[in-house]
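Peer 1: Let me begin by handing over the structure; questions about it come next.
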Amino acid sequence: MTAKAKDCPSLWGFGTTKTFKIPIEHLDFKYIENCSDVKHLEKILYVLRSGEEGYYPELTEFCEKCLTNLAPKSRALRKDKPAETASSFSAEEWEKIDSDLKSWVSEIKREENTCHFHDPENHPGVEDPLPPVRGSTCCPHSGKETYSKSKTAKKRIPRDYAEWDKFDVEKECSKIDEDYKEKTVINNKAHLSKIETKIETAGLTEKEKSFLANREKGKGNEAFYSGDYEEAVMYYTRSLSALPTAIAYNNRAQAEIKLQRWSSALEDCEKALELDPGNVKALLRRATTYKHQNKLQEAVDDLRKVLQVEPDNDLAKKTLSEVERDLKNSEPVSELQTKGKRMVIEEVENSGDEGGKGSADEREDGGSDEAAMGNIQKKLMVRRSEGGRRSRRGRTPGPRAEQQGGLRETATASTGDSHYPEEPRAADNPSGLKRRGNELFRGGQFAEAAAQYSVAIAQLEPTGSANADELSILYSNRAACYLKEGNCRDCIQDCNRALELHPFSVKPLLRRAMAYETLEQYRNAYVDYKTVLQIDCGIQLASDSANRIARILTELDGSKWRERLPPIPAVPTSEPLRVWLPAAETPDQDPCPNNCMPSITDEKMFQALKEEGNQLVKDKNYKDAISKYNECLKINSKACAIYTNRALCYLKLGQFEEAKLDCEQALQIDGENVKASHRLALAQKGLENCRESGVDPSQVLLSPDSSEAARHLDTKNDTAPPSKGRERRRIQVQEVDGSSDEEPERPAEASATSAPARDGVEDGGSAEPAEKLDVSKPTNAYEFGQVLSTISARKDEEACAHLLAITAPKDLPLLLSNKLEGDTFLLLIQSLKSHLVAKDPSLVYEHLLYLSKAERFKTMLTLINKGQKEQMAQLFDGLSDTQSDGLTAEDVQALRRQYEL
């Protein structure tokens with residue numbers, strides 16, 4: 001009975017609806033009340049409204065209420081509303097609607113009549129350009145007649161067999177090519193000639209004219225972007241004929257600038273400015289036309305107007321700088337400038353005032369010295385490359401050299417002014433004259449600056465020694481002006497006078513040395529540079545110049561060039577360094593004498609600076625370390641360790657002359673200093689003084705700890721006895737220091753490679769234990785790779801574990817880079833297993849996690865053998881057995897799966 005009921009549900013149930021196949025039992029009040037399915041209720045409501053199962057108004061209304069409670073915004077609740085008719089409104093409402101419609105229709109008809117039909121009295125001659133009104137008298141078939149006439153052309157007759165015998169293929173092909181080229185040229189010209197430059201706008205409204213103008217402007221923009229500027233000009237002209245606008249004038253001006261039609265572009269820019277006086281683009285493009293028409297002052301005015309509106313306009317800034325440079329170069333040369341010869345000027349010195357306010361005017365650095373050097377270095381290199389030693393005192397730079405003189409002008413100089421400053425007045429005080437001279441010097445007007453300094457000097461000369469410092473500064477500043485102009489002899493005279501007033505002043509010495517070098521008086525220049533280095537050996541310009549002149553003198557005079565030098569004056573140790581004083585001090589304040597005891601704060605500062613310098617040496621940043629050691633020597637100039645440390649930096653940088661000076665100074669303080677003697681020998685060897693290089697290391701051998709000097713002497717004299725046993729390989733040994741109080745710590749690479757490998761032990765001898773590696777934290781991938789390769793060569797698991805302990809795990813993929821090899825990978829695993837897993841399992845887990853993210857990790861897993869996998873498994877077993885906070889067995893198991901274990 002049950003099976004039959006399932007086979008024939010219609011016998012026991014009521015069936016389903018045709019739409020949606022809903023059971024008939026669901027069309028019931030009780031089911032609809034309990035139903036919470038919105039979609040199903042919507043289907044039931046649709047069936048009830050359709051009436052396919054009968055009309056049940058109450059059930060339909062009940063279903064709507066239930067659906068409203070469940071989903072008030074359901075689309076099924078919406079009912080169709082028929083369009084409203086006149087009967088749907090009241091009489092007043094319908095009358096209002098009807099009047100609005102009638103007024104709209106009449107207004108549209110009136111506008112159509114005004115667009116197409118005009119009064120001949122008000123618009124005479126308008127009907128002529130307009131097409132005739134279409135009517136029965138028009139003949140619409142004129143185009144077809146012309147087409148039929150054009151078709152009556154002579155037909156092509158095939159060639160007969162006799163003509164084919166005389167047919168020349170190459171000749172016919174060349175004819176076809178020529179015809180194709182001619183047609184191509186003709187088509188290009190025809191394309192431009194067919195474009196009319198004027199649009200008939202008679203009878204059009206303003207809206208229609210604006211539409212036509214915008215359409216033609218868009219065509220011009222497309223032609224401009226494609227590079228066809230001629231076509232763009234024609235389309236912009238058509239747009240302007242329809243409706244003149246400032247935008248169209250601007251666009252046509254830009255296209256004409258591309259075609260280099262400066263006059264037409266200028267006219268368009270002026271018309272655009274008439275329509276829109278503050279148009280930025282018009283001003284910018286007019287400035288461009290002024291620039292190419294050599295109207296530089298007008299261009300400057302326009303560009304400044306642009307920058308007032310848009311201060312961040314990069315194009316305006318760039319163009320203004322170019323125009324101002326051209327304007328300055330086009331100025332006539334004054335009478336004062338014709339007295340000297342102009343040199344090539346690459347950049348302007350930071351300040352021409354030595355005694356001005358601020359640390360920038362009182363501190364001497366390499367940048368300002370290089371600026372004061374001018375073009376001397378380049379001239380010397382050219383002289384050496386040519387092999388000649390001819391004088392360059394009469395050379396006049398070209399136009400490009402004159403342009404380079406004004407590239408580095410400061411904001412204090414008014415570069416846009418075309419007039420020259422007025423002559424100095426005798427009534428001005430010396431400080432005002434000096435300040436004005438500094439401004440002129442910064443602006444590149446060296447002759448005018450020298451005139452200002454001369455008047456100030458004339459006012460202060462009668463006072464004598466009362467204003468010696470001020471006079472020294474003025475003479476030095478005027479010497480800088482003479483040096484810029486190439487007047488080296490006057491520069492030397494002023495520097496001599498400045499040094500008479502204030503001996504051992506750095507800037508006059510430097511400028512006199514540059515002038516001597518320009519005049520090719522290299523011995524005097526070398527003496528001045530060496531004097532500067534005695535005052536302050538941290539001036540890079542003096543150091544480089546001394547080394548360069550030493551090479552030149554070696555070429556000129558041979559190995560005995562030092563014997564021909566003038567005597568180098570000895571600088572008193574108590575001589576104050578006026579240019580290196582801090583900003584808070586004045587040149588009149590004397591620093592603390594060298595023999596006075598430093599205070600507690602000085603000792604702390606000295607130690608801090610020394611440690612910073614040692615750390616910089618460890619990081620191989622030798623230049624910054626030298627600056628730190630310079631500060632240390634200002635606090636205590638009797639510290640022998642500082643001189644030896646700085647000598648080491650100079651040796652690393654290849655500055656052997658400075659290293660030699662520091663070593664000699666250290667030996668004056670401590671005559672038995674081993675390191676100073678050894679580094680002095682290295683410096684002399686670097687200077688190729690072979691005779692002197694063999695003396696000091698032999699003296700150093702008296703010390704039992706100077707094994708490095710013994711090796712140096714052995715390599716020089718080549719007198720070491722042959723070793724017994726098998727041949728040992730030579731290892732590069734860098735300088736090793738055992739004293740932490742006197743020397744900076746060794747870099748990671750130096751310490752890693754400092755211990756030579758012992759290949760064998762002689763009979764009867766005992767093997768000495770290998771020196772423990774001093775591993776420091778690497779700062780980049782290169783240093784990490786160098787240290788790791790050294791550790792791998794020694795198979796030192798303890799050193800590798802120490803390296804991993806001081807290395808952040810997140811930095812491991814970056815430090816390894818793509819250098820993960822099989823032996824390196826195995827060494828890392830063994831080090832973690834043997835030394836770190838018991839001490840710090842969390843660190844081991846992090847290292848293993850980040851190691852799996854390194855490059856070539858997956859490749860390494862495919863290359864390791866079974867024994868290496870067992871070691872990895874032992875490491876993970878040890879990691880699982882060790883209890884640690886924050887490390888669960890699930891984490892270790894997930895990491896084990898990454899290692900395919």
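Cβ atoms here come from the backbone N, Cα and C positions, even for glycine.
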Peer 1: Based on what Swiss-Prot says, identify which of Ser359, Ser723 is the phosphoserine one.
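Peer 2: Swiss-Prot records phosphoserine at Ser359.
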Peer 1: Consult Swiss-Prot and report the residue, out of Ser334, Ser739, annotated as phosphoserine.
Peer 2: Ser739
Peer 1: Candidates are Ser559, Ser740; I want to know which one Swiss-Prot annotates as phosphoserine.
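Peer 2: According to Swiss-Prot, the phosphoserine annotation belongs to Ser740.
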Peer 1: What residue among Ser351, Ser391 has an entry for phosphoserine in Swiss-Prot?
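Peer 2: In Swiss-Prot, Ser351 carries the phosphoserine label; others show none in the record.
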